[in-house]
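Below: one structure, written as structure tokens.
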Amino acid sequence: MAGELFIGLMSGTSLDGVDGVLADFADGRIAVRAYATAPFPAALRAELMALNTPGDNELHRAALAGNGLARLYAGVASQLLADSSTPASQVAALGAHGQTVRHRPTEFDGVGYTLQINNPSLLAELTGIDVVADFRSRDLAAGGQGAPLVPAFHRALFARAGQPVAVLNIGGISNLSLLPAADAPGEPAVLGFDCGPGNALMDHWSQLHTGQPFDRGGRWAASGQVLPGLLARLQADPYFAKAPPKSTGRDLFNPAWLSACLAPAIGAAPADVQATLTEFTASVCAADVLRYGSDSKLLIVCGGGALNDHLIERLRAHLPGVEVAASTAHGLPPLQVEAAAFAWLARSTLRREAGNLASVTGARGGRVLGAIYPA
């Protein structure tokens, strides 16, 4: 392609803000020219959080939230262009994920649905850049889960010769990519799926009891003691016994779900609950690495959870013999990986290349993902 500059914008289930990258794919390799981030305005964050569960006047509220998110996205895109001295006319496309508020693949009628709030038409108008959005619906239409979509990008970025690699993205929800060695004979399939909660429950508990949006470095969790009974109840959810392909979200793992698990532990010290939630995330992620990726001796961690030192320590404790390392040493800093993935997916859309992996999502085959909204 003549133009190999793409913007990727991602706001994940953590609802902590928008991450954006300006990525250069010249020669088929990725180089990040600029990175920018913006926190959610409090009112928009609260509305997006509320839209995760059924409520009154949802269509009206979702439409206005989409407008607000498009404006926030446009601000991040503008910052990327300013920081890199790049005119909008040089950017081939902007991949904008949107904000997932419902994810119910294959349910109800065999197809189900996934809903990412966004207004890509407004985003194209505000930025003057072609926008690619709605990445997940095409995979659902082909019988897939629509998630996770990052394993294809993880393969492009992290796969290496002679060594299988596991990649753990810890956002609000955690997902795992298991990458065969790049030179493995027979081109074995990539495996990927959502492990379960990542930061979502920890962040909720931190906000509720400390007023902080997250537990910085996991220090609060490290001050508490794990509650074995609560941990067992958290781990007993049927989701964890399901075999891949599988995906999940705040539809399941939300404050109401946590409250039900906490009911027998009324009176527990908040720090002990935080310690237990951190152990919960570490234990379910590590269990999936051991169950499905036991040949991987390198676990690359990205997403906001990679910055939680206590969580990383607990992962290492559960995975003796596995090198657990942040993605920085292997190509991109943790907070840039998902945004870069959606720049890569936008590029794949323009090139009419499949962006999903059927071995990951369970779709009937590879599909070109996303819808294009011309500037």
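The backbone N, Cα and C atoms fix where each Cβ goes, and this holds for glycine too.
Record features, source Swiss-Prot:
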- Gly12, Thr13, Ser14, Leu15, Asp16, Gly17, Val18, Asp19: ATP binding site (BINDING)
Remaining residues near the recorded ATP site, that is with C-beta within 8 Å of the centroid of the site residues Gly12, Thr13, Ser14, Leu15, Asp16, Gly17, Val18, Asp19: Met10, Ser11, Phe40, Gly171, Gly172, Gly304
Three-state secondary structure, which DSSP defines for Ser14 (ATP binding site): coil
Most crowded position, judged by CB atoms within 10 A, among Gly12, Gly17 as binding-site residues: Gly12
Least Cβ-crowded entry, counting other Cβ within 10 Å, from the binding-site residues listed as Asp16, Asp19: Asp16
Fewest Cβ neighbours within 10 Å, where candidates are the binding-site residues Thr13, Ser14: Ser14
